[in-house]
Each structure stands twice: as structure tokens, then as C-alpha cells.
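As C-alpha cells, the structure follows; a few thoughts come after it.
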Amino acid sequence: MKIITTVQEMQQITNELHASGKSIGFVPTMGYLHEGHATLLRKAREENEIVVLSVFVNPLQFGPNEDLDRYPRDIDRDENVAKENGVDYLFYPSVEEMYPAEQTTTVEVVKRTDVLCGKQRPGHFAGVATVLMKLFNITLPTRAYFGMKDAQQVAVIEGFVTDFNIPVTIVPVDIVREEDGLAKSSRNVYLSLEEREEAPHLYGSLCIAKERIEAGERNPEIIMNLVKEHIEKYTKGTVDYADLYAYPSLKAINKIEGRIILAIAVKFENVRLIDNITLMGK
């Protein structure tokens with residue numbers, strides 16, 4: 001595995017790989033890698049001749065009161081995870097390398113961002129789309145891999161890749177969970193012991209909702225209230241949102257039918273966790 005820290009060197013390598021016809025699997029991350037990221041890397045390894053991993057904590061996607069400075073970082077750990085999962089190139093640029101001058105152009109996402117995390121974090125997805133446009137141009141991937149824990153992000157990325165005719169296939173990968181159901185996340189380290197015991201109820205509430213939908217419930221409001229009540233009963237967290245939309249359009253629905261997403265965000269004392277399930281409403 002080779003570690004690359006400059007845009008120029010990374011572009012030179014991927015241009016040569018692209019010219020030789022080799023397939024490139026790309027996994028963009030903000031580091032502090034866990035089993036969820038490892039799953040993305042293994043899938044990329046299975047499906048491509050070359051695997052490129054990026055580790056970059058992107059300041060553009062953090063708001064003024066968010067956890068940019070507190071976001072966990074451990075490049076030694078990330079290097080080990082990368083090596084163990086078959087990464088060929090680890091792209092690890094600095095903020096100054098990625099943004100050497102004041103940004104004069106950003107990618108403004110106008111659909112799929114006014115709900116869920118997009119509603120709570122204005123400007124977040126513009127930051128995500130902007131850095132991905134740069135990373136796609138730098139790494140020239142055949143396929144790019146994203147976890148469905150950030151399902152809204154996947155929907156936004158699929159939309160902007162289509163809109164800009166970017167020649168990359170977006171590969172969504174199922175959420176990886178702890179044994180008790182908690183979605184793996186770099187931010188889980190901020191949970192207190194008590195909160196860690198409560199946190200699996202996020203997924204538990206989604207499972208209860210799924211059972212009700214499969215039993216025939218078609219009223220979104222009833223399902224959302226069921227989720228909120230479960231979380232409020234079994235955790236001390238505050239429900240940021242518990243919403244149900246068509247997926248991937250993220251349009252509001254009056255009746256549960258077709259492919260839908262049920263997504264939640266819960267604020268604990270020092271961390272905000274998200275989770276979701278997608279399913280087909282009959």
C-alpha cells in the first residue's frame with residue numbers, strides 16, 4: 001500500500017491507471033475507520049483491480065457549531081485497517097492541499113436536501129458534493145462505495161452524479177451493526193456507558209416500525225409516532241427527527257407504498273446519532 005498526500009501525485013497515478021484500463025474502486029471517508037468502512041473496502045477489493053481509500057475530514061460539510069475539531073482522528077489505525085483490507089493507495093491530503101486557496105466554486109444541491117439531516121444541517125450537502133466532485137476528479141473511480149447509514153447522502157450523491165454525467169457507478173452498501181443492533185459509527189466513541197446501553201433502541205424502534213408496516217399499517221404519522229414514543233421511553237436522548245419519505249426521491253408521502261425510508265436522528269449529551277431502514281411498502 002502506498003500513502004499519497006498530494007493531489008498532483010494522486011492524479012498522476014490515477015490518470016495512468018485510467019489510461020491502462022484498470023478498474024478503480026474508491027472509498028471516500030473521514031477516517032477513524034471501523035468495520036463499516038472495512039466492509040466498503042472489502043467490497044471494493046472484490047469488484048475492482050485497484051482500490052483507493054481517501055481519509056479527509058472535510059471542513060466544508062461542518063456547520064459553525066458542529067464537531068469538526070472534535071471529530072475523532074487516528075491515522076495509524078486507519079493505515080492498519082487499509083492494509084488489512086487490501087487498499088492499494090491511501091490518499092491522505094491536508095486541508096491546505098485540498099483547498100489551497102479560497103473556494104470560488106461549490107456544488108449547490110437543490111433537491112433531496114430540505115429534509116432529514118439536510119434540514120438540520122444547512123450547507124452540509126453542498127460541502128459533501130463539493131469535496132466529492134474534487135475527489136472524483138482526483139481519483140477517477142470506476143465505482144465509489146458508500147454506506148447506507150447515510151442514506152440521504154447516498155440519494156444526494158446519486159442525483160448529482162447523474163446530473164453532472166460523472167462516469168462513476170455509485171455502490172450503496174448495507175449498514176454494518178454491532179451485535180446489539182447499533183449502527184457502527186466513528187461518533188459512537190462519544191457515548192457514555194449509559195447512553196451506549198440505550199443507543200440500540202434506535203434500531204429497535206425502526207424494527208418495531210418495520211413490523212407494523214409489514215403487518216399492514218400504511219399511515220406514515222402512526223409509524224413515526226411509534227418510533228418517537230419508543231425512543232423517548234427507552235432512552236434519555238432527544239429525538240431530532242423521525243421521518244418517513246419515498247426513497248430515493250425523499251419526497252413526502254401520505255400513504256406508505258413503494259420504496260420508502262424511515263430515518264431517525266437522536267441527540268445524546270455529546271453526540272448525535274442517525275439510523276435508518278429502507279423497505280418496500282406494498
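Counting begins at 1 with the first residue displayed.
Every residue gets a Cβ built from N, Cα and C, even glycine.
Fair warning: this is a prediction, and the values are worked out from it, not measured in the lab.
Under the heading active site, proton donor, Swiss-Prot lists His37. Sequence annotations record features per position, and here Swiss-Prot assigns ATP binding site to 30-37, 147-150, Val176, 184-187. According to Swiss-Prot, the feature (R)-pantoate binding site maps to Gln61, Gln153, an assignment based on sequence analysis. Summarising the annotation, Swiss-Prot assigns beta-alanine binding site to Gln61 and lists sequence analysis as the type of evidence.
Note: the Cα of Gln153 ((R)-pantoate binding site) and the Cα of Met30 (ATP binding site) are spaced 14 Å from each other.
Neighbour density around each Cβ, counted as other Cβ atoms within 10 Å, peaks among the binding-site residues Gln61, Gln153, Ser186 at Gln153. Proximity note: of the listed binding-site residues (Gln61, Met148, Val176), Val176 have a CA within 10 Å of the CA of the residue listed as 'active site, proton donor', given in sequence order. Once Cβ contacts within 10 Å are tallied over all protein chains shown, the binding-site residues Met30, Leu33, Val176 are led by Leu33.
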